[in-house]
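To start, the structure itself, in structure tokens.
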Amino acid sequence: MAPSHAVRCCQRGLSWIPVIFINLVVCWSYYAYVVELCIYTIANTEEQVIYLIVFHVFFFMFIWSYWKTIISKPASPSKEFCLPKADKELYEKEEFPEAQQEILKRVARNLPVYTRTGSGAIRYCDRCQLIKPDRCHHCSTCDRCVLKMDHHCPWVNNCVGFSNYKFFVLFLAYSMLYCVYIAATVLQYFIKFWTNHLPDTHAKFHVLFLFFVAGMFFISILSLFSYHLWLVGKNRTTIEAFRAPVFRNGPDKNGFTLGFRKNVTQVFGDQKKCWCLPLYSSLGDGYTFPTRLVNADSEQGNVEHQVIKCTVDGQTNPRPLSESQNHLLGNNMHSEEQKDSSLANIEVCQPVSITMENES
């Protein structure tokens, strides 16, 4: 037991190395820009003030969103998704997978669970011993199931999922703006140092290296940021982009898409004034999501809506899905559907907490 505990402690310590590295680079960039460039290199006072004000705005937003991504605890399924004691004992006693699946199916009828494994089985985590909610996956690094898991990011030493995905996207956006601003304002002094139009001082190394580092990070972050913007527009996670979610009727990569505007609203919230701030504003509870299922789940019983509490960003969010679902699937979508009379009839199952559409 002791050696394994020591190994886990070492792994936890080593996992902070990328975060420490990023913070050291950021601290050096702050010193190089503020001290070596603005104070020692730029002679014009007005230019110094403007550069420093804009720089600190980007710097503050970058640090704020970065550390919000780091410190936001990944949201995990609540006890409602654990097997009852009697069913758990039966599940552990059963030796045949088919019998175990029957137990899971019986329990899952009372839960808002509509996705399956690739073979059509109920998604059950043996490690956490619970039925996985839709879009939930187990992170081997964090050793927990994470709601709407996107990926585990070593640069923030945290799982990116339902509780902090907005913060992660903002972190990419502000880090990109931080880098491009530094590169753009340093460029003229980079050229002057490079062509020897400025005297060789201790600031030369910092200014030259600052431009290269900012440019390098900007290029690498740009591709990642563009990819996650595409994911937000499609309402997919990184996991779902590589492996489409499986419903009763089979895999459907667009199973959770609601249209670009509503997809963005689901991540950033319905208050546009909060979109650019790393404050929690995502819609939903992390357990159930509006979806465009092509067929009703015939094995799913009528699930009366349960208020499942989800703690995100230090506060409990008991808002049921139906509230965000009604907002996302509001009159806009219904009016658009009514325009096309050739579409198949849309059937809404009221007792079920997910709106399901039949498509011919």
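Note that Cβ sites are derived from N, Cα and C of the backbone, with glycine treated the same way.
All annotation found in TrEMBL is predicted automatically rather than curated by experts.
Feature annotations, reproduced from TrEMBL:
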TRANSMEM  20-43  transmembrane segment
TRANSMEM  49-67  transmembrane segment
DOMAIN    122-242  domain 'Palmitoyltransferase DHHC'
TRANSMEM  167-191  transmembrane segment
TRANSMEM  203-227  transmembrane segment
Which of 20-43, 49-67, 167-191 contacts the transmembrane segment (203-227) most, counting Cβ pairs under 8 Å: 167-191
Same-chain residue ranges lying at least 6 outside the transmembrane segment (167-191) that approach it to Cβ under 8 Å: 29, 33, 37, 41-42, 51, 54-55, 58-59, 61-62, 65-66, 68-69, 72, 150, 153, 156, 160, 197-198, 207-208, 210-211, 214-215, 217-218, 221-222, 224-225, 228-229, 232, 267, 276-278
The domain 'Palmitoyltransferase DHHC' (122-242): DSSP-derived helix, strand, coil residue counts: 68 helix, 17 strand, 36 coil
